Amino acid sequence: MEEVTNVTETAPALPPLLERRVRQRQPTVSVLKSKLKQGVTCSVPRVRSTLTGFFPVVKWLPKYKLREYVWGDVMSGVIVGIILVPQAIAYCLLAGVEPIYGLYTSFYANIIYFLMGTSRHVSVGIFSLMSLMIGQVVDREVFLAGFDLNDDFKASALPDVFNGSIDTNLTVGKLHTVELMGQQCGKECYAISIAAAVTFLAGIYQVMMAVFRLGFVSVYLSAPMLDGFATGASFTILTVQAKYLLGLKIPRHQGYGTVVVTWINIFANIHKTNLCDLITSAICISILVGGKEIQERYKDRLKIPLPTELVVVAGATLASHFGELNSIYGSSVSGHIPTGFIPPQVPRFGLMSRVALDAIPLAVISFAFTVSLSEMFAKKNGYTVRPNQEMLAIGCCNIIPSFFHCFTTSAALAKTMVKDSTGCQTQVSSLISAMVVLLVLLFFAPFFYALQKCVLACIIIVSLRGALRKFKDVPAKWRASRNDAIVWLVAMSATALISVEVGLLVGIIFSMMCIIYKTQNPKVSLLGRASDSDLYEDVDEYKNLMPPPRVQVFRFQAPLYFANKDTFLKSLYKAVGVEPFLEMTKRRKAEKKAKEMSLKQAKANGDKNNGEVVIGLVKRELEFHTIVLDCAAIPFIDSTGMATLKGLVKEYKEIGACILLASCNTSVIDTLQKGQFFGKNDKDMSSLLFHTVHTAVLYANSTYAALERSEDSVV
């Protein structure tokens, strides 16, 4: 009784006086005029700012600390260049083009990123995933053009490049040609034309994304999705390269299910395995894996990474040349790699309509990997990068090199980590790496003629160890977040079993569906009060909480919009135990039954007023008189959500309960005001909206107590 007395004596709690700021929006026309005037204004400071923004090197290079930075930059640049050369040659197997174009791509990309990039540590160049995606497009178009995908150069006698004699007119796949822009084009020419066209379009897309500030697109590429996508693509890369390990002449499968079909073809042709390639592959993989293990085990003692790839390439090339493995055992070799540069050529615009859609995933993935790596290493080393400039830089790293017979580039994690661990300070290291590649292009490229393709495949496969090891992390991912683990598995499976492009699309759609599912099935709870404080929390999660008497406090932890309004209503009805429609139905049935009984009694007693008295007594008393909606976890509502709240207020009012809102953010309040939720001119705002849950509870109890007193006085 004392508690009831205290409650009834509590004065109505007035909400704190918080006055919203009045914000006047400027007219759209004046805003556009101001921005247009600012955009066309030309001055010396503006030109300087634009120049330094477009070419960040102009800003940081004059401040270069020679004594402090040069040793780390030279060391990391040389080491990355040494790693880059064999990888650039190897990844051309994935891209379906000749090895020389991988060297071109690595050279130009490093030069351009040195001028335009804002990250000091990112290594931009040839990347296995980009090469795979390019190779799928190239092989498809080459096949549709009528070229034989089995076409492979077989030399009857190996040219003696080590003694300086080589036929520079050697060509591959020239038996069949197609006309391209008035010129006859062979298989090699057509393949690099397709790759350059895709690269040009991908760069254009990236520059357009930078101009229109569309960098936010990358937020839809969640980390679990990207991780699963990269792992699935790595499994596809391993499958595509497996035939080279065995020396099998199997064309790359066109269409979906590359992994499954390729493995079926491999086992169907396993009896044709080239023993020379198989033995070479086993030796090279053993050396490469051994070198990686030593590097990981003694990374604290080793100041620089072991150049295992270069050692394997040099040793395998010498063994292949002096052992005449191509002519005697029929082992596939890289073939002639010319020195110098090919004259630039405009990308074939006639091919772009065929590959316009293929360039979209290339542009998005290339940008996503570059920006995420640049931000990761910038945060690690204590500086900032500009994502929009990174997108512009990687776009130019694709557009400009496409005129020089290059294919799509991206930042590569492995080489970036090498740069970071070997003391890289600035992008001068990228310039040094480009010089290393330039030396190979000018002098040493022909010496890779005898290098077996199985050796290049070994380099590619061993480089996938990190991505394939992600399978071991699946149990830990599952324990940490089942949602993230499922997204990873779906993206990985779709990429590996269907195709890379479909895997990317499936991963994005599925991860977004998971977010939508979360908003449609959020956590809901009833709140209780902690002792005598004004703190209210979930009664199922915390101990010693007391629900306020005759008041239900309900929390909904998601936005309230068209997709989850039904979930909101069902969860609220279940939590408070009363659904207005069913309650009204029960009352009508009770009233109908009571009326029938009163009529029977009236007929029996001859009394005409008894029925009305009985009907007045059938109203059921609810266990609560107020529902307080804690809106702190509702970030926004739409018109459907607002209509849902309006309906709730009306329905519960009909059964004698009221709805109060607490802890709404300004966005929700504005939406409710625009929809006249609080009545005309917000006349009911002070009685429906409260800044805290506790204020709403006090107001509800004091109002109900005042109502009871007035009813008692009337009686």
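Counting starts with 1 at the first residue shown.
Cβ coordinates are placed from backbone N, Cα and C, and glycine is handled just like the others.
Note that TrEMBL annotation is computational and uncurated.
When TrEMBL is compared with the stretches 93-115, 392-414, the one noted as transmembrane segment is 392-414. At the 8 Å Cβ threshold, with sequence separation of at least 6, the transmembrane segment (355-372) lacks contact with the transmembrane segment (426-444), having fewer than 3 such pairs. Here the domain 'STAS' (541-700) has a mean pLDDT of 86 out of 100.
Remote same-chain residues near the transmembrane segment (426-444) are listed as 57, 60, 64, 69-70, 72-74, 76-78, 80-82, 84-85, 88, 100, 103-104, 106-107, 110-111, 113-114, 117, 119-120, 123-125, 339-341, 419 (criterion: CB distance under 8 Å, separation of at least six residues from the stretch ends).
Between the transmembrane segment (392-414) and the listed ranges 69-91, 189-208, 488-513, the one holding the most Cβ pairs under 8 Å is 189-208. Within the chain carrying the transmembrane segment (69-91), a Cβ under 8 angstroms from the stretch's Cβ atoms is held by residues 99, 102-103, 105-106, 123, 125-128, 131, 304-305, 307, 309-310, 312-313, 334, 337, 415, 418-419, 422-426, 428-437, 440, 448, 451, 456-457, 459-460, 463, all 6 or more beyond its ends.
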